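Engineer: I have a structure here, written as structure tokens, and I will follow up with some questions on it.
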Amino acid sequence: MEDWRGAWYVPCLASLETLQELCRKENLRCKSIGITKRSLKSYEVEYLCDYKVEEGKEYYLVKWKGWPESSNTWEPKKHLNCPLLLQNFLSDKNEYLSRVSKGKTLKVRNHIKALKPAIADYVVKKAKQRIALQRWKEELNRKKNHKAMILVENTVDLEGPPLDFYYINEYKPAPGINVLNGITTGCECADCPAEKCCPKEAGFILAYNKRKKLKIQPGLPIYECNSYCRCGPDCPNRIVQKGTPYSLCIFRTNNGRGWGVKTLQKIKTNSFVMEYVGEVITSEEAERRGQLYDNQGNTYLFDLDYDSDEFTVDAARYGNVSHFVNHSCDPNLQVFNVFIDNLDLRLPRIALFSTRTIKAGEELTFDYQMKGSIDLTSDSADGLSPSKKRIRTVCKCGAMCCRGYLN
């Protein structure tokens with residue numbers, strides 16, 4: 001459950017079935033677990049659990065929406081008006097059989113009297129996963145602050161939504177860290193960029209061209225107009241602050257890299273794609289967490305080392321879509337430091353821009369070593385203190401120029 005401020009989260013330990021039983025007993029409605037005013041008094045098929053044939057008639061075991069599994073009933077096929085759920089049931093059953101056959105010729109039996117328990121179990125798990133991923137997708141789209149859609153897809157395994165991940169749109173600072181330095185001034189341009197626009201005042205050129213594409217080299221900072229600037233929302237120097245303009249899909253990879261992100265739209269070269277957000281912590285805390293993450297084979301720490309190495313962004317528990325973007329030694333995204341409502345050089349915002357044209361359906365990647373973290377090659381690792389030595393994580397990016405390790 002989440003409190004009204006959205007700042008702290010307490011996981012509910014009760015199962016969905018227990019919650020449904022409690023709600024029905026007390027005549028309470030809860031849309032998030034499928035109990036509405038309508039479903040309190042009616043029956044709607046949520047998914048199909050099993051199949052059998054008795055006396056020449058086909059029956060399906062039905063899980064009713066908003067009702068616990070103890071209320072499941074066998075229903076004749078002719079009573080079911082749910083073609084999509086029937087299609088999902090058949091598809092999941094065939095998927096299980098094809099995986100078990102492992103490429104061997106599969107003998108299809110047209111007169112199956114009942115499903116084997118292993119098949120029925122798989123079908124139920126797939127149905128539950130489909131519902132969980134749909135709810136997760138709805139939650140992500142409810143919490144995001146940009147117009148583009150976020151989709152979720154898993155056609156690889158039975159993995160559901162991550163249990164300990166919370167979607168945020170901006171940095172979540174640890175106690176004592178101020179990610180907004182109280183800027184109280186902005187440019188006076190009526191039509192940016194003028195001579196005294198924000199980038200010029202900071203001593204740099206405007207980062208974008210007339211087509212709102214990046215025109216500066218990697219390593220140079222981006223200074224966007226802020227909330228105190230005279231210019232309006234259509235200002236050509238307001239790009240990162242508007243959020244990702246592309247619909248993206250969080251998908252399950254088929255080569256052991258966990259979740260990944262692909263674009264559903266074509267992305268042109270030098271376009272802003274997404275921002276990397278998470279908890280802002282001290283470098284000392286990052287070192288402690290890094291030991292734990294390395295043991296788990298995870299990489300979520302992003303050093304804010306544009307001007308110093310005091311702070312790190314940790315996207316392990318709190319983050320946005322960028323949490324799921326995988327590493328590649330030949331990436332299609334590049335990291336840039338951005339300053340908008342905070343001019344503290346120790347706390348830049350991190351933006352990911354395309355390095356080339358990215359086709360619709362292509363996976364998005366960036367080079368994790370571009371985070372500014374220590375390069376633990378065989379040569380450099382020997383000179384580090386024991387506390388700095390990390391377990392090396394094997395890289396699975398598959399690029400021709402793959403370095404072999406993530407760190």
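Keep in mind that glycine also has a Cβ here, set from the backbone N, Cα and C atoms.
Heads up, here are the entries from TrEMBL:
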- 43-101: domain 'Chromo' (DOMAIN)
- 185-243: domain 'Pre-SET' (DOMAIN)
- Cys187, Cys189, Cys192, Cys197: Zn(2+) 1 binding site (BINDING)
- Cys187, Cys198, Cys225, Cys229: Zn(2+) 2 binding site (BINDING)
- Cys192, Cys225, Cys231, Cys235: Zn(2+) 3 binding site (BINDING)
- 246-369: domain 'SET' (DOMAIN)
- Arg257, Gly258, Trp259, Asn326, His327, Tyr368, Lys396: S-adenosyl-L-methionine binding site (BINDING)
- Cys329, Cys395, Cys397, Cys402: Zn(2+) 4 binding site (BINDING)
- 391-407: domain 'Post-SET' (DOMAIN)
Engineer: Using the alpha carbons only, what distance in Å do you get between Cys198 (Zn(2+) 2 binding site) and Cys187 (Zn(2+) 1 binding site) once rounded?
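Structural biologist: About 6 Å separates the two Cα atoms.
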Engineer: Within 10 Å of the Cβ of Cys397 (Zn(2+) 4 binding site), how many other Cβ atoms can you find? Include all protein chains, please.
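Structural biologist: Neighbour count, Cβ to Cβ under the 10 Å cut-off: 22.
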Engineer: Out of Cys229, Asn326, His327, the binding-site residues in the record, which is closest to Cys192 (Zn(2+) 1 binding site) when you go by Cα distance?
Structural biologist: Cys229
Engineer: Across the domain 'SET' (246-369), what does the mean pLDDT come to, as a whole number?
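Structural biologist: Taking every residue in the domain 'SET' (246-369) and averaging pLDDT yields 94.
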Engineer: Validating a neighbour-count step here. Other CB atoms within 10 A of the CB of Cys225 (Zn(2+) 2 binding site): how many?
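Structural biologist: 25, counting other Cβ atoms within 10 Å of Cys225 (Zn(2+) 2 binding site).
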Engineer: Which one is closest to Cys187 (Zn(2+) 1 binding site) in space, judged by CA to CA distance, out of the binding-site residues Cys235, Arg257, Gly258?
Structural biologist: Cys235
Engineer: Compile a sequence-ordered list of residues in the same chain as Lys396 (S-adenosyl-L-methionine binding site), six or more apart from it, whose Cβ lies below 8 A from its Cβ; state 'none' when nothing qualifies.
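Structural biologist: Result: Asn255, Gly256, Arg257.
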Engineer: Rounded to a whole number, how many Å is the Cα of Cys395 (Zn(2+) 4 binding site) away from the Cα of Cys189 (Zn(2+) 1 binding site)?
Structural biologist: 47
Engineer: Neighbours of the Zn(2+) 4 site Cys329, Cys395, Cys397, Cys402: Cβ within 8 Å of the Cβ centroid, same chain, sequence order.
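Structural biologist: After dropping the recorded site residues, what remains is His327, Ser328, Asp330, Lys396, Gly398, Ala399, Cys401, Arg403, Gly404, Leu406.
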Engineer: Between Tyr368 (S-adenosyl-L-methionine binding site) and Cys329 (Zn(2+) 4 binding site), how many Å separate their Cα atoms?
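Structural biologist: Each residue's Cα considered, Tyr368 (S-adenosyl-L-methionine binding site) and Cys329 (Zn(2+) 4 binding site) end up 8 Å apart.
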Engineer: List the other residues in this chain whose Cβ sits within 8 Å of the Cβ centroid of the Zn(2+) 1 site residues Cys187, Cys189, Cys192, Cys197, in sequence order.
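Structural biologist: The answer, listed by sequence position, is Glu188, Asp191, Pro193, Ala194, Lys196, Cys198, Cys225, Cys229, Arg230, Cys231, Cys235, Asn237.
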